[in-house]
Amino acid sequence: MKAAALLLLAALLTFSLCRSAPDGSDARSAKAFISHRQRAEMVRRQKRHYAQDSGVAGAPPNPLEAQREVCELSPDCDELADQIGFQEAYRRFYGPV
């Protein structure tokens, strides 16, 4: 009998603590969620060449990067580049740079 009374008391206590308060305390928790538009305004996407636009000196782009990617896509050129270097492997497969 005591166990049933304790169980009933625990259920009532849990119910009273879980109910939302009528004094508007949920207004604080509603501020935690923002709309998609507000979120998009708050978080700006970083530009691709941000360092060049802001005046901060960054590393200049490598002019051979496109050729390096072409050589990496060819398994034979990529293997040869591991052995003798990228520029020489590219020259042997695709002609002078």
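Each position is counted from 1, following the chain as shown.
In case you wondered, yes, glycine gets a Cβ from its N, Cα and C as well.
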From Glu65, Glu79, the one Swiss-Prot labels 4-carboxyglutamate: Glu65
Among Glu72, Glu88, residue that the record in Swiss-Prot marks as 4-carboxyglutamate: Glu72
Those recorded positions listed as Glu65, Glu72, and which of them has the most Cβ atoms within 10 Å of its own Cβ: Glu72
CB within-chain contacts under 8 A for Glu69 (4-carboxyglutamate), separation at least 6: none
C-beta crowding around Asp78 (Ca(2+) 3 binding site), within 10 angstroms: 15
